[in-house]
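Report on one structure; see the data block that follows.
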Ligand code: DGT
Ligand code: MG
Ligand code: MG
C-alpha cells in the first residue's frame, strides 16, 4: 500500500488477538429466528428441512476452515471448536468472528435456495448470523462447554415437544399450555407426553433430542510440538484429509471425549 498523508488514520484501528495456546470456540446464532421461523412457516417444534439447512451450512463452514476440529449445533446455533495451535488470521478476533458469521449466512442462503425453491428468501427477512469467540484454557472447559450446549438443547426440546403436544393435540391455547408447564420438571413433562398423548420422549428422533455433532475423525493422536518441520507438513496434509463425520450422539458422558484424544491437540 502506498504511503499517503492520510495513512495516520490507521493508528485508530484496534485489534484483539485471541490468547495463544488456548482453545477457541466460535458460536454463530441466527438473528431473530423466532420471527424468521414464523415467516417461512417452520414446522413446530422442529422443522427437519430447516435443521438440515443449518447442518449443511455448518458442514460447509467446517470444510472451508481446516482449523475446525469439531462442531455442535441445534435450533439456530452452531459452535465450532478450533485447534489449540490455530493461527487463522494471526488469531485476530474480529477477522475470525466476521468470517464465521459471513460464511454461515452465505452458505445458509445458498443451501436454502437449493432445498426450498418454492420458498424463495425475501430481502425483508434474510437469514443472518451473529458470532462470538471465547477462548478456553483446558479440554475440561471445552468438553463442559459442549455439554452445556447439549443440555440446553435437551431442556428446550423437551419443553417445546410438550408445549406443542398440549397445543396441537390437547387443544390448549399457547397461554394455557405455558401455564400448565410452569413449575414442571423433566419427569413431569415426560409423564404428560406419555399419559396424555401416548408419546414416549425416548423414541423422539435423536437429531431433535441431541442436536448434531460434526467431527474430524482421525486414527491417531499426535503431539505437534514434538514434530520436525517436515513431519508437521505431512501431518497438516493428513489433517486436511481426515474424514468428517456427522453424528447425533451424547456429549455429556465421557465416551465421546475419551475416544477422540486428538481433539485436545
Ligand atoms: P436472537 O438470537 O437474539 O437474534 O433471537 P432469536 O429469535 O433467534 O432467538 P434464539 O436464538 O434464542 O432462539 C431461536 C428461535 O428459533 C426460537 O424462537 C425457535 C426458533 N427455531 C429454531 N429452530 C426451529 C424449528 O425447527 N422450528 C420452529 N418452529 N422454530 C425454530
Ligand atoms: Mg437466534
Ligand atoms: Mg439461538
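Sequential numbering from 1, following the chain as shown.
Yeah, the Cβs are placed from backbone N, Cα and C, and that goes for glycine too.
So that you can see what the record holds, here are the features copied from TrEMBL:
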{"type": "DOMAIN", "residues": "6-137", "note": "domain 'tRNAHis guanylyltransferase catalytic'"}
{"type": "BINDING", "residues": "29, 30, 31, 32, 33, 34, 75, 76", "note": "GTP binding site"}
{"type": "BINDING", "residues": "29, 30, 76", "note": "Mg(2+) 1 binding site"}
{"type": "BINDING", "residues": "29, 76", "note": "Mg(2+) 2 binding site"}
{"type": "DOMAIN", "residues": "141-253", "note": "domain 'Thg1 C-terminal'"}
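Locations of recorded TrEMBL features on the structure.
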{"residue": "29", "record": "GTP binding site", "CB count, 10 Å": "17"}
{"residue": "30", "record": "GTP binding site", "CB count, 10 Å": "21"}
{"residue": "31", "record": "GTP binding site", "CB count, 10 Å": "15"}
{"residue": "32", "record": "GTP binding site", "CB count, 10 Å": "12"}
{"residue": "33", "record": "GTP binding site", "CB count, 10 Å": "20"}
{"residue": "34", "record": "GTP binding site", "CB count, 10 Å": "9"}
{"residue": "75", "record": "GTP binding site", "CB count, 10 Å": "20"}
{"residue": "76", "record": "GTP binding site", "CB count, 10 Å": "20"}
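Look at residue 75 (GTP binding site): DSSP puts it in coil. DSSP assigns residue 33 (GTP binding site) to a helix in the three-state reduction. A Cβ distance below 6 Å to any atom of ligand 3 is met, among the binding-site residues 29, 31, 32, 34, 75, 76, by 29, 75, 76. Apart from 29, 30, 31, 32, 33, 34, 75, 76, the residues listed for GTP, the same chain places the Cβ atoms of 36, 37, 77 within 8 Å of the centroid of those Cβ atoms. Listed in sequence order, the binding-site residues among 29, 30, 33, 34, 75, 76 whose CB lies under 6 angstroms from an atom of ligand 2 come out as 29, 30, 33, 76.
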